[in-house]
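According to Swiss-Prot, the protein carries these features:
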ACT_SITE  His88  active site, proton donor
BINDING   Phe24, Ser56, Phe57, Glu58, Ala80, Val81, Val82, Phe113  5-amino-6-(D-ribitylamino)uracil binding site
BINDING   Glu85, Thr86, Arg127  (2S)-2-hydroxy-3-oxobutyl phosphate binding site
Amino acid sequence: MEVRTVEGGFIGKGLRMGVVVARFNDLLTGELLKGALDCFERHGVEEVDVVKVPGSFEIPLVAKKMAESGRYDAVLALGAVVRGETKHFDLVANEVAKGVANVSLDTGVPVIFGVITVEDELQGFNRAGVKSNKGFEYAMAALEMADLMRKMEE
């Protein structure tokens, strides 16, 4: 029996990346963006376009526009949703997750869900720079998926 395993790598040379980032909760999203850009630079990505949107809820529409453009090998969606006293947190978090997944499925372009959902700002800071930077990790997923899709087309 012959088994062929296909995996994506982390070499960014020749890849074009799109990033859509929410301005709301910018103390957190700004750090996620820094982490993502650091990752892309360290892995040789030469072309990155960053588009800023008002909040996380607006991410799927812009991610779709970017994915449909044919310009990007992957799109990274960055945002931060912090729980408040109302159900707004659950509604936004769920709809953004569904929207991002649908964009990826509808376009065939990897769209990475890089929206942190946290109970409070301290938890957010722990995910966006103090203990680790999820932006870097999400960018790694974008690299891997872009390379995987390229390999699957060979």
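Glycine is no exception: its Cβ is also placed from the backbone N, Cα and C atoms.
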Largest tally of Cβ atoms lying within 10 Å of a Cβ, found at which of the binding-site residues Ser56, Thr86: Ser56
Cα separation, Phe57 (5-amino-6-(D-ribitylamino)uracil binding site) to Glu85 ((2S)-2-hydroxy-3-oxobutyl phosphate binding site) (Å, whole number): 18
Neighbourhood of Phe24 (5-amino-6-(D-ribitylamino)uracil binding site) by C-beta distance under 8 A, where only residues 6 or more apart in the same chain count: Pro54, Gly55, Ser56, Gly79, Ala80
Cα-Cα distance linking Glu58 (5-amino-6-(D-ribitylamino)uracil binding site) and Thr86 ((2S)-2-hydroxy-3-oxobutyl phosphate binding site), given in Å to the nearest integer: 19
Most Cβ neighbours inside 10 Å, all chains, among the binding-site residues Glu58, Glu85: Glu58
Site with most surrounding Cβ atoms, counting all protein chains shown within 10 Å, from the recorded positions His88, Arg127: Arg127
Separation of alpha carbons, His88 (active site, proton donor) and Val82 (5-amino-6-(D-ribitylamino)uracil binding site) (Å): 10
When distances run from the Cα of Arg127 ((2S)-2-hydroxy-3-oxobutyl phosphate binding site) to each of the recorded positions Phe57, Val81, His88, the nearest one: Val81
Distance [Cα-Cα, Å, rounded] between Val81 (5-amino-6-(D-ribitylamino)uracil binding site) and the residue listed as 'active site, proton donor': 9
Distant-in-sequence Cβ neighbours of Phe113 (5-amino-6-(D-ribitylamino)uracil binding site), under 8 Å, six or more positions away: Ala77, Val96, Ala97, Val100, Ala101, Tyr138
Whole-number Å value for how far the residue listed as 'active site, proton donor' lies from Phe57 (5-amino-6-(D-ribitylamino)uracil binding site) (Cα to Cα): 11
Pairwise Cα distance for Glu58 (5-amino-6-(D-ribitylamino)uracil binding site)/the residue listed as 'active site, proton donor' [Å, integer]: 14
